[in-house]
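K.L.:
Features from TrEMBL:
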type: BINDING; residues: A:His73, A:Glu94, A:His111; note: Fe cation binding site
type: BINDING; residues: A:Cys79, A:Cys82, A:Cys119, A:Cys122; note: Zn(2+) binding site
Protein chains: 2
Amino acid sequence: MSRSRDAVHEILRRSESFRSAQDIFTEMRSDGAKIGLTTVYRALQALNDDGRVDVLRTDEGEAVYRACASDLHHHHLVCRRCGRTEEVAGPDVERWAEAIAAEHGFADITHTVEVFGTCASCTGR
Amino acid sequence: MSRSRDAVHEILRRSESFRSAQDIFTEMRSDGAKIGLTTVYRALQALNDDGRVDVLRTDEGEAVYRACASDLHHHHLVCRRCGRTEEVAGPDVERWAEAIAAEHGFADITHTVEVFGTCASCTGR
DNA sequence: ACAGTTTTGACAACCGTTTTCATTTTCCTT
DNA sequence: AAGGAAAATGAAAACGGTTGTCAAAACTGT
Ligand SMILES: [Mn+2]
Ligand SMILES: [Mn+2]
Ligand SMILES: [Zn+2]
Ligand SMILES: [Zn+2]
């Protein structure tokens, strides 16, 4: 797997915010690329397995993807209006998750933390 | 809306962990209740609107529900093995979310924080 | 060039959720 | 109690995102 995986990754790297599979598919097609929706899904899934993209679920249950800017563990601050996304580090949250888990006897911890809000430029309008 | 909403709420209150709509529907039917899947979905949605149940999405995108033990804002510590769930308060996380959002000029903040791990009794085996 | 392997994409199948709509139940006014 | 408006219900169809199928196409090394 390589040709189309790179193409999908490239789209994601050029994107400002999270994108859905269908969304990516549509853009590639209208750019003249001859790619199938299935392949887009496969590429996204492979990229995610390799830790090169983050995936998160919208409240409506759609999976949206974004190329990670940093290789390190991080979280997201997403504008619910325009989709703009900041990657933020959260040492405090990490510690909290570990502590609260230990306190309840839970091991082998992972966590999901997403913050949603209205970004500065969207607040103005 | 009332009869079936209460029934669904009751199922949830008796449950130890998060339950899916289909799951609840199956249990109610095999208990002899004459209820439709649609009504279960409507009940869950109403209960969630009223803040009486929490909903979260599994990694597979299925919505799972649980009656809130506390009326206050809280988060979840979920055993990925057996589904056991603890409700945990996180003043530190709340502060962190507010701070990180303000720092980036985001307003009108909400956040989702879920911690997954293996609970004490599941670790033993 | 050849055979073997991997990748691809049109299409169908899937699964959870929502919509539709006709029927039933509940509630309110006589 | 009777009648009628309003809300609730459920079977079935529609929907939307995702995954599976399978034959064709693109690579791989020899
Ligand atoms: Mn990221
Ligand atoms: Mn809860
Ligand atoms: Zn914005
Ligand atoms: Zn457990």
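Placed from the backbone N, Cα and C atoms, the Cβ positions cover glycine too.
Burial and contacts for the listed features, if you can.
P.N.:
Taking all protein chains in view, 22 other C-beta atoms sit within 10 angstroms of the C-beta of A:His111 (Fe cation binding site). DSSP assigns A:His111 (Fe cation binding site) to a strand.
Other Cβ atoms within 10 Å of the Cβ of A:Cys122 (Zn(2+) binding site) number 18 in total over all chains. In three-state terms derived from DSSP, A:Cys122 (Zn(2+) binding site) belongs to a helical segment.
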K.L.:
Taking the center of the Cβ atoms of A:His73, A:Glu94, A:His111 at the recorded Fe cation site, which other residues in this chain have a Cβ no more than 8 Å from that point?
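P.N.:
Checked against the 8 Å cutoff, the neighbours are A:His75, A:Gly90, A:Val93, A:Ala97, A:Thr110, A:Val113.
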K.L.:
Hey, what's the Cβ neighbour count for A:Cys79 (Zn(2+) binding site) at 10 Å?
P.N.:
22
K.L.:
From the Cα of A:Cys79 (Zn(2+) binding site) across to the Cα of A:Glu94 (Fe cation binding site), what is the distance in angstrom?
P.N.:
22
K.L.:
Check each residue in the chain of A:Cys82 (Zn(2+) binding site) that is at least six apart in sequence and keep those whose C-beta is under 8 Å from its C-beta; list them in sequence order.
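P.N.:
For A:Cys82 (Zn(2+) binding site), the qualifying residues are A:Ser17, A:Cys119, A:Ser121, A:Cys122.
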K.L.:
Quick test of understanding: given the binding-site residues A:His73, A:His111, A:Cys119, name the ones whose C-beta is under 8 angstroms from chain B.
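P.N.:
Listed binding-site residues passing the 8 Å Cβ cut to B: A:His111, A:Cys119.
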K.L.:
May I ask you to report the DSSP-based helix, strand or coil state of A:His73 (Fe cation binding site)?
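P.N.:
Note: A:His73 (Fe cation binding site) is coil by DSSP, not helix or strand.
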